[in-house]
Amino acid sequence: MLIRLIFSIILIFSLIQSFISALHLHGHYSTKEFFRLLTKFGIQKTDQHRPDDTFGYIYGNITLDCQTKNCSSSKNLLFLILDYDYFVPLYKKQRTQSCSDMMAQIQTIAFHRQCHDTGTEDFWRHIPCEQGKLCADEDQPNNVIHDQQFTFKIRDINQPRFWYLSLISCYWNQTTCIWEKVDDDIQIEYDIWIVNGNPDTKSRDNRFEYHFSYDMHDLVEVYFVCILLYLFIPLPFVLIKIRSLTYLKHPILISYFLFQLLFFIGNILNLMHYFIFAYNGIGIYILVHIGNLITIIGESILILLLLFIAKGWLINTTVLRQGKKTVILFILYTIACCSCYILSIITTNPVIDSNHYQTFANYFSLLFRCFVMFLFVFELKETTQEEKNFERLQFFHHFGACCMVWFIYPTALIFIMSFVTELYRVKLIISVVILVNFLSILIISYILFSPKTFINLPKITSIKNEDRILNKTTTDTNGYHKSSITEHDEDDDEDDIEVYGPSHLLLNTSNQRS
């Protein structure tokens, strides 16, 4: 029941966010809503040598919804396109629902044919536009994209910039030049495209940048390279190890294989969304949320694996210390982090928060991560106090230092990225997280399977060695197995060795000797 509820919440907000984040906007608007932010989009810097191909284009159709109302209206409302400096003052005053207060700053610079013909900025279109015709503000039909009612060309030769698209139920009375609120119930249907590059050109420099906001550029390449690295490095190694291990039911091995699989699936789902997004400008945003949740679960399983090693399991002890409490902690931590992620996507403000990483909900997940880090240090301290072997102590110290860096890096990353402009912040955070997750796979693989490892993982006896080893096992009163191993070398010399210990460790010892 709980899983269904969580999935339903994710689905609902994915659908909502798909309309907010999509760059092909299609929907309906009623003047009863007064104000709606449609989306925020990063327009790239204009190349002065190829201006037409590097403009930001916003175009589409906005008409009356004739299915619900008659196709006539005596009043117009506004479709606004503003940059950050002009949009934020308007957005902060939306609760007052005072058109004159909200438009006070914009009207001083925006062009209006009757009330402000000295304005220099093209910030709005009066809507709805008449069916089959251009919008009334389009006085240069040659600049309008074919089969569209309006077109904005955004030129910025200095830097990339965020632009905010919104609908507001206000109109400038052409007789009195006073801002008034639209009291009539007008139903609007809109179909809008926002792209980086000329829609009429037949060839584009990069298909994976055309539909994407500037802050999302290069993400397809990042995920694609990540998938290739997974396929060519960890995956073959994992397949080899699966074939060389028989006791795959051990929790350490299950955790090792599972967290890699979840990382891989999470990245695949994100890549699928961005590939589809590059094609239609909408994508399937729920794939991103499911992929991120799967990655969070994978990180939790990795933390569980680190706790297993910190407790000295299969290193200096064959019994997991406080195993049930560790598993319960893992379950609670996973639920807490997934809940924080869901809360973060629900509470993300598209104006203030550019991503879910910098929300209060995500800050709570970082606190939970720090708590688990302190628990990891405590467990490692308990293990090292019981350890007398110098080489093992050195291993635990290096292992602990490496894990501390992994535990603390998200907090440091979020802090550093707070000083980076929003146009580069998201792609840098995602790139670093993907890189660190990939490196964690390589490091854990080395710790578990290095020839110098102190972790006694159960291994398989090869077919060749099975003919050369005779293993007779009896059980003593303490529950340990007594194993007599007869080894035949090339000179037909025999060494009889008796080993006491748990059965899976005896199997490991036998394989090492063979």
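Along the chain as shown, residues are numbered 1 onward.
A Cβ is built for glycine as well, from the same backbone N, Cα and C atoms used for every other residue.
Pulled from TrEMBL, these are the features on record:
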type: DOMAIN; residues: 231-443; note: domain 'GPR180/TMEM145 transmembrane'
type: SIGNAL; residues: 1-22; note: signal peptide
type: TRANSMEM; residues: 222-240; note: transmembrane segment
type: TRANSMEM; residues: 252-276; note: transmembrane segment
type: TRANSMEM; residues: 282-315; note: transmembrane segment
type: TRANSMEM; residues: 327-348; note: transmembrane segment
type: TRANSMEM; residues: 360-378; note: transmembrane segment
type: TRANSMEM; residues: 399-420; note: transmembrane segment
type: TRANSMEM; residues: 426-449; note: transmembrane segment
- Item | Distant-in-sequence neighbours of the transmembrane segment (399-420), which means Cβ under 8 A and at least six residues beyond its ends | 306, 309-310, 357-358, 362, 366, 369-370, 372-373, 376-377, 380, 428-429, 432-433, 436, 440, 443, 447
- Query: In terms of Cβ proximity under 8 Å, which residues at least six beyond the ends of the transmembrane segment (282-315) contact it?
  - Reply: 10-11, 13-15, 17-18, 21-24, 251-252, 255-256, 258-263, 265-270, 272-274, 276, 321-322, 326-327, 330, 333-334, 337-338, 341-342, 345, 372, 375-376, 379-380, 382-383, 386-387, 392, 395-396, 399-400, 403, 437, 440, 444, 447, 454-457
- Task: With pairs restricted to those 6 or more apart in sequence, evaluate whether the transmembrane segment (252-276) and the transmembrane segment (426-449) have 3+ C-beta pairs under 8 Å.
- Result: yes
- Query: Ranking 222-240, 327-348, 426-449 by Cβ pairs under 8 Å to the transmembrane segment (360-378), which is first?
  - Reply: 327-348
